[in-house]
Amino acid sequence: MKTDRNQLRFNQVLLTLLLPLAAFLDLPLLVYLLFLLMVSQHTPWDLMVALKRALGIPSRLVEEDPRPHRFARTLGAVFLGLSSLFLLLGLKGVGYALALVVALLAFVNLAFGFCLGCFLYLHLRYARALITGK
């Protein structure tokens, strides 16, 4: 199985730069847009890939299991969805706090190569294997 490392980096850069900007400038629409981009990664119309291609960023495929990264992106999308919901409800503090958690985790992965979502995925698979014997 192959993973596009440039796509992962592109996603992380977008989240790291734009989510703090949205919080600092009080732009909930930017959080909603990033949420939609994240959710689109789970459809045949992956807008993040389309955006990366439109900017001329080449793919860098490596032989790596994409499932941990997909799980991490799903967690990021869930947190951005909750962030969007809280922002829509007028709870800006909670909404932006959740968005900033996503930005922080994207930054940690970008800067230090540690993916918390991937870590959780692997440990959940390990726990399942211990419980089920598979």
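The first residue you see is number 1, and the count goes up from there.
For all residues, glycine too, the Cβ spot is worked out from N, Cα and C.
Whatever TrEMBL says is automated annotation, not expert-curated.
Now, the feature entries from TrEMBL:
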DOMAIN    4-125  domain 'DUF4395'
TRANSMEM  12-39  transmembrane segment
TRANSMEM  71-91  transmembrane segment
TRANSMEM  98-124  transmembrane segment
Composition by DSSP (helix, strand, coil) of residues within the domain 'DUF4395' (4-125): 95 helix, 4 strand, 23 coil
Mean per-residue pLDDT computed across the domain 'DUF4395' (4-125): 97
